[in-house]
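J.: Sharing the feature lines straight out of Swiss-Prot:
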- 1-19: topological domain 'Extracellular' (TOPO_DOM)
- 20-40: transmembrane segment (TRANSMEM)
- 41-47: topological domain 'Cytoplasmic' (TOPO_DOM)
- 48-68: transmembrane segment (TRANSMEM)
- 69-90: topological domain 'Extracellular' (TOPO_DOM)
- 91-111: transmembrane segment (TRANSMEM)
- 112-132: topological domain 'Cytoplasmic' (TOPO_DOM)
- 133-153: transmembrane segment (TRANSMEM)
- 154-178: topological domain 'Extracellular' (TOPO_DOM)
- Asn166: N-linked glycosylation site (CARBOHYD)
- 179-199: transmembrane segment (TRANSMEM)
- 200-222: topological domain 'Cytoplasmic' (TOPO_DOM)
- 223-243: transmembrane segment (TRANSMEM)
- 244-258: topological domain 'Extracellular' (TOPO_DOM)
- 259-279: transmembrane segment (TRANSMEM)
- 280-346: topological domain 'Cytoplasmic' (TOPO_DOM)
- 307-346: region 'Disordered' (REGION)
- 307-330: compositional bias 'Basic and acidic residues' (COMPBIAS)
Amino acid sequence: MDTGPDQSYFSGNHWFVFSVYLLTFLVGLPLNLLALVVFVGKLRCRPVAVDVLLLNLTASDLLLLLFLPFRMVEAANGMHWPLPFILCPLSGFIFFTTIYLTALFLAAVSIERFLSVAHPLWYKTRPRLGQAGLVSVACWLLASAHCSVVYVIEFSGDISHSQGTNGTCYLEFRKDQLAILLPVRLEMAVVLFVVPLIITSYCYSRLVWILGRGGSHRRQRRVAGLVAATLLNFLVCFGPYNVSHVVGYICGESPVWRIYVTLLSTLNSCVDPFVYYFSSSGFQADFHELLRRLCGLWGQWQQESSMELKEQKGGEEQRADRPAERKTSEHSQGCGTGGQVACAEN
């Protein structure tokens, strides 16, 4: 794309992009940190296969959130990359890898949930923890291998122009780069989005049907929340983003609206904690207990701070009263001395 040196490839409002990144960071980071504490505690006390998958999903979200400040700096700089160039492909690789990791782990969780309900006896006899660990490794490798195209694109062809014509990061591409990137994006949309979506839809539709026939109302509500949060992730956060892959492949260039649907995909780190919450009653109980402890610590800290503040005010009042006491004492002493002199004269 031919643009002048002072023009930006991005014609939208970069502060809107910054605001979405900031909101995602402020909301997603504390929620995922709380989820991390809960999952670590659960795995130490009563390890379950689905918690291994959800712990990896939490780690993926936290990795995205930790690298999100780089994107915030880029957005605040008008979508130009002001940081060292080596951070550009790294942040892009982490960003896109974690997005597709969410889709893969959500599909794996749906399989676990379906098997635990549809085949409970067989499910209990299987060594699920080891298999969950292998599935997690496979998901990380599959997503990382596909998203390594970021490095291929950034360092392909003319290295001097690999960082975009205007100092942008993974926004502008030459024709030879698009010839590699667009087919890979299409393949990623099929393998890392459509296939997990089909698997997840099948597993949860069967799960809802089975529980609708004989499950408790409480469990039905929990599964309904899990399905709603999962479908929200797939259809709202990831759907438009992967549609941009298909449109880009057909049109032969990246759609101009791609940046906005990419923002939707980052919001998955705020939606995932709801998936965790509805994943099991055990997580809900542990989460409520953790919140209760945090609220107790907060109340204790406020009480101690209030007592310290009162003590400080009391000390200041005492120091303020001391000069007045001295003046009163000096005045009374002066009057006593004068009286004695008068008596002596008489």
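Using N, Cα and C of the backbone, Cβ positions are placed for all residues, glycine too.
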J.: Going along the chain, which residues at least six beyond the ends of the topological domain 'Extracellular' (244-258) come within the CB cut-off of under 8 Å?
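T.: Tertiary neighbours of the topological domain 'Extracellular' (244-258) are 11, 173, 178, 182-183, 185-186, 188-189.
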J.: With pairs restricted to those 6 or more apart in sequence, evaluate whether the transmembrane segment (259-279) and the transmembrane segment (20-40) have 3+ C-beta pairs under 8 Å.
T.: yes
J.: Spell out yes or no: are there three or more C-beta pairs under 8 angstroms between the transmembrane segment (223-243) and the transmembrane segment (91-111), with each pair 6 or more apart in sequence?
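T.: Judged by the Cβ rule, the two regions touch, with the required three close pairs present.
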J.: Short question: most Cβ pairs under 8 Å with the transmembrane segment (20-40), which of 48-68, 91-111, 133-153?
T.: 48-68
J.: Summarise the model confidence on the topological domain 'Cytoplasmic' (41-47) as a single mean pLDDT, whole number.
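T.: Across the topological domain 'Cytoplasmic' (41-47), the average pLDDT comes out at 83.
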